[in-house]
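Everything below concerns the one structure shown next.
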């Protein structure tokens, strides 16, 4: 048998041989990143002396930036620099950011942790904070570069023959499988190392992992197919409202009497009646002035094609339902407080093994996988057998189930926190937020279980909704818009957090979000989030009804 090396010297580009290097790049980037996130609240409060609210706000802003930059990276990669250079930039930026964060553990500090006496302690210096913030900024930029383009870049390497023989499907399966495994390892093993071996080792290992990630990507550089950016998505989206405004005085009496602009191979002959004022963007006023001899628009900012108008309408129409996902992500963003509560509860499974507080987030990931498997392998086959035909939840039902499950999750957390706080006071730990109360941390699992269902149903439903409702030409936007919602949610969560902290500490009272969780009222804060989540669910019901049936529901509704 002749064995061909993974990287040989032939001149052919792309192919299956390049995929392992791309998969390793993405998997190790996620392993390094998600290994840093869970315990960050403890690092900022214990090593930098930050208050709980300030540290949580910083983590929320970091998460918001990390969720937003992939969208910006996708636009830049598709329109200008190409996916190869975007991933390369992201790998280097992430490596620099993690190196800076590791450097913060090596620099001697002149301050004491917040739980020690503050008589002789000092606040972080401007340079120390600059290095810390710079590390977060670089890691966010790196995430935007790698995550925005990695999946699509791997697909670029495959030919039509590769897709026909099943390599394309296998690539997606392996990509998501390794990414999921990386997240689980990062939130368990990496967190355990940080707890047992300290920050220097715990933050140093991600630097090594990110170095391997970058090296893996650049090692196969000469064999990649590198497609250049060629479509300016920014201007394509912006042209429609600008053209409609410029043509606002053009009469729109009848769809039949108007002459609309079409490009070659246009899919739409006439614009729809929905959001009718935008139809003015594609009306030809003077064919000799508005069109070139080849039939293209002479001034794209004054005349758009019917297809572009319909694409913009589809994007506008999904916005209300998209906004309903923001509150769910606000609920999910409370993970930093979950770490603080878990650290004050009994986390022993056996007398010799204790679950790290930062690893409690992994239960939600496991629940997501279990819920998806249960839905696909048990619920759908059973429901289909009972009804005698294929029966599945449609996308809006999935979104609704996720939102309702999110409400139950945050309510369970409020109840558990109320009992934990009362028990801490009863046991005399009012002034000791680090004390461990006689209450199992496994009482936090109902929140993780229902959040797992919320994530499995809502996020999957949202992505299906965007991909089915938006035109194929906007698939890059459709695959990124969920991340934009998470970015906005992090900012909203930070705003709510700051308002609650400022309002509840007035009059010399202890804030609901006091640095001492036994003196604060985190349970009241969770009930506030529950009320907002419940209102959001009712808002979704209204938006769902106003949107009407999704594509294919009229024909397939009887099978749902």
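Placed from the backbone N, Cα and C atoms, the Cβ positions cover glycine too.
Predicted automatically and left uncurated, TrEMBL annotations should be read as such.
The transmembrane segment annotation in TrEMBL falls on one of the ranges 127-153, 235-261, namely 127-153. The range from 506-523, 524-541 that TrEMBL describes as transmembrane segment is residues 524-541. Transmembrane segment is the annotation TrEMBL gives to one range among 355-375, 418-438, 439-459, and that range is 355-375.
Annotated range for transmembrane segment in TrEMBL, selecting from 59-77, 154-172, 268-286, 287-305: 59-77. Annotated range for transmembrane segment in TrEMBL, selecting from 313-336, 481-504: 481-504.
Looking at 84-107, 127-153, 355-375, 395-416, 524-541, the range that has the most CB pairs within less than 8 A of the transmembrane segment (199-220) turns out to be 84-107.
Beyond its flanks by at least six residues, the transmembrane segment (355-375) meets 38-39, 42, 180, 183-184, 187-188, 191-192, 194-195, 335, 338-340, 342-343, 347-349, 441, 444-445, 448-449, 451-453, 455-457, 460 of its own chain at Cβ-Cβ distances under 8 Å.
Residues of the same chain lying 6 or more positions beyond the ends of the transmembrane segment (127-153) and with a Cβ under 8 Å from any Cβ of it are 22, 25-26, 29, 33, 36, 48, 58, 62, 65-66, 68-74, 77, 83-84, 86-101, 103-104, 107, 109, 172, 175, 213, 224, 476, 480.
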